[in-house]
Amino acid sequence: MTKHSGIDPLTQISPNQHVLIRLPSDNLKIVELKANAIVSLGKFGAFRVNDIIGYRFGTTFDIVYDGVEEEFVKGTQTMIGKISVLENRLKASSPALENSSENNRGLINLGSVVQEMSMAEIEAMKREAASGDAIISKMIESHKSFHQKTVHSQEKYLKRKKQKFAKFFTVEYLDSSGLLHYLIEKGDVLRVMDISQESLGMALNLANINSNGQYLCIDETGGLIVYAMLERMFAGDSNSKAKGKIVVVHENEHPNLDLLKFSSYSDNFIQRHVKTISVLDFFEPAKEADIKSLFKPLSAEEINDLKSNKKSAYFRRLKWYQNQLSNIEVAASSFDGLLVASTLYLPTLIPRLGEKIHGSRPIVCYSQYKEPLLELSHSLYENLNYLAPSLLETRCRPYQTVRGKLHPLMTMKGGGGYLMWCHRVLPAAEPKLNEETLERSDVKNSDVEGDEDAHNLDQEEQVIKRRKPNEENEKL
Amino acid sequence: MSQFFEYKDTIKEGDLVLAWLSRDNLKPITVKAGEVFNTRYGAFSHSDMIGKPFGSQIAIRTKGSNRFGFIHVLQPTPELWSISLPHRTQIVYTPDSSYIMQRMECNPRSRVIEAGTGSGSFSHAFARSAGHLFSYEFHEVRYEQAKQEFKEHGLLEAGNTTITHRDVCKDGFEIKNGDTTSHEFRGPEETKVELNADCIFLDLPAPWDAIPNLTSVISKEKKVNLCCFSPCIEQVDKTLEALEEEGWQDVQTVEIQGRQYEARRQMVRRLDDAIERLRDVKRRKHEGVEKRQKNVEQTSNNGSSVEATESDKDLKHTEKTHFNPFGKGSRVKEGDSNFEWTQVSKVELEIKSHTSFLTFASKIIDRTRDEEQTKAYLATFKDEGSKLSKREQRRLKAQANKDIQKE
């Protein structure tokens, strides 16, 4: 996306992009903004896209109905409101608290009797399109024992009501963490392989992802991993000059990078920086000569001479031809890192992919479960091409962040997955003897075969040492 | 380009390499022909490394024994550096730093403020990903050390890192001509640096003193994210107070817990083998009793002693190892192929049970839009659809019906 008349789609809300909308209930929603269109948030109300264009991401808006013409979203009861900018999400629709009790000694549970407003009255107020603020104030007024509640429980009450009657929303840039949270909340935990924000973040750092690397990737999450890599490498900027590239190897005929449809990159940019290739084409590439024998590109003049129906057929075939050639090139290249989130059997997968990785480059493998990574680690210990496989876990524990009431959340989602991290290395083929030992072995009537045996023995020893990482090198 | 962030294939003279001796022993060395890298496993000549690809295993034969010693020579990355670096202060480890970067959306467009620099562990990770890093250190010796290190690592040269000697709590974050900083001013007409920061990381004993100073240096163009890193909960409380006063929003404190596991093996020891062992003990006890009775009988009968010695020999033939694979007393090596093993994961001996509390917040300075500009911009979309698509309408209708039913 290019900058139009000073509006920057990466920092400001602009049309033709997907954004994340945070509702009063803290639920998330992805919305594609179309100029002149209307967005409905269901019971929270509706607004016009044009009213929010040009504001910074992160701004909180309130939907207000003061002096608007009655206009409904077609076929629904949702009335389209005006927009006003709120200063703070926290302060939105919170009438000032007064008259609270030290404790709840006087509080008796009388059920719904304490609320003098009936459901019908509340519904009527909503239909009259009173602001969420007004409804909540009214409810407090008619709540008989509200002032017998402690400040804390008054706040809690307000929070609950706010989630029900407030009409504000926050518009956020759709970064990879936001996309992940949206998917988790939507119930797509399995689809994203239970990955957590902290595991995703750690995978990016351990794999040393930067703007100019050539990375190899398997992503079974529908593109979340690739999305996160792209964001880290290019920041959503289709005009980025960085040369980095992601090669996505997929197990079906076509890749599933569905989530990239939410990204702000141009198709052209994605084509340049994300290359997809099937496992078959990657591990058993076609021969260049075979491809060339099947198709010959024409010269510019010859193309001009083609009739229009033949022209399109030609370009279709040309595209195929170019894709085949680029597949061959990709299969022959080596990479700056490997990032895998796959449910394929890892002990056979990783070493084969690892062959295509440069020495000293990191390999990071994500799994929902620890056991497949345990098995992988054991198999890599025995392979001298991989240095010190480690099993890592990272967990985030959020706090209820209210002064005077700080404590970790009482309940939260479990899981989050595990990472295997190691480096691709190049084993010493024929260990060089240094001069001193050469002299000594000369004296001792050096025996080539004997040396080789010693070498083999040593290799075996290394294998054993690798098995017990804490004893590495210890015996030497 | 920095030797940290530009991928290299072969080791050249003058390169910084990390020599991997073991999991918690990585040593940074600058390769120079003729020099030797000494370890307790032997001496490795730098000349052996030059020309080899990064990631090579370097093997030598040690003096005095017929064994090989080896190291791996790796290209530095921020993560490996954080394991190997010389500590000047407590450092931020990867589980924390990677989460902070992900949560603050650190990317090539980010302009990051980091205070203090400390040992520079996090600085390297920021510098890899950010558009620009402004790092501040109030301790003069540490400032000089860090500046020297950043220079050697190509962080300053690459142009995306600036380090400034400053007490940010007292004197704020602005970088002016004449300050002690790595920024090179283009003559007297450049009086100060436009920081325009949108990513703030404060690892200070009293971040609340620094927070009010941020106002003048953070971006007005976009949402600004902040993270304070404090070990004590009282510090968090004071930070929350300052954040609220300064109008920061979406405040949340979290803790990150990182764990590392070793892949190990546990011997498979079966019930049947235990029973078999006890059976054997029982049999030998029984045989012992029989033998003693026989001996008693023989001595009383004055018979020959030849038979007795023969039965003694029989006993010695019992094969213990066959059904006694318990390794107790015989020191079986983990993974010995004579035994069966199950794969287990073992948590590291010492875990970092607390690093710090991470308090996040965000701020938008400019909550307005340029009405004229927006109007002109939107005019270019005049002809585009002004209503919901049919599909969207259907979806909303269904949703509305559902909502009504719910209530």
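Sequential numbering from 1, following the chain as shown.
Yeah, the Cβs are placed from backbone N, Cα and C, and that goes for glycine too.
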Query raised in the report: Looking at the ranges B:368-387, B:388-407, which is given as region 'Disordered' in Swiss-Prot?
Result: B:388-407
Report task. Compile a sequence-ordered list of residues in the same chain as B:G120 (S-adenosyl-L-methionine binding site), six or more apart from it, whose Cβ lies below 8 A from its Cβ; state 'none' when nothing qualifies. Result -> B:L85, B:S135, B:A146, B:E149, B:F150
Query raised in the report: Tell me which residues of the chain lie with their Cβ under 8 angstroms from that of B:R142 (S-adenosyl-L-methionine binding site), as long as they are six or more apart in sequence?
Result: B:R88, B:T89, B:G116, B:T117, B:G118
Query raised in the report: Here the binding-site residues are B:E137, B:D167, B:D203; which one has the lowest number of other Cβ atoms no more than 10 Å from its Cβ?
Result: B:D167
Query raised in the report: Among all the protein chains here, how many other CB atoms are within 10 A of the CB of B:S119 (S-adenosyl-L-methionine binding site)?
Result: 21
Requested in this report: List nothing but the largest Cα to Cα distance in Å, as a whole number, among the residues B:S119, B:G120, B:S121, B:E137, B:R142, B:D167, B:V168, B:D203 that the record says bind S-adenosyl-L-methionine.
Outcome: 19
Requested in this report: Please state whether DSSP places B:S121 (S-adenosyl-L-methionine binding site) in a helix, a strand or coil.
Outcome: helix
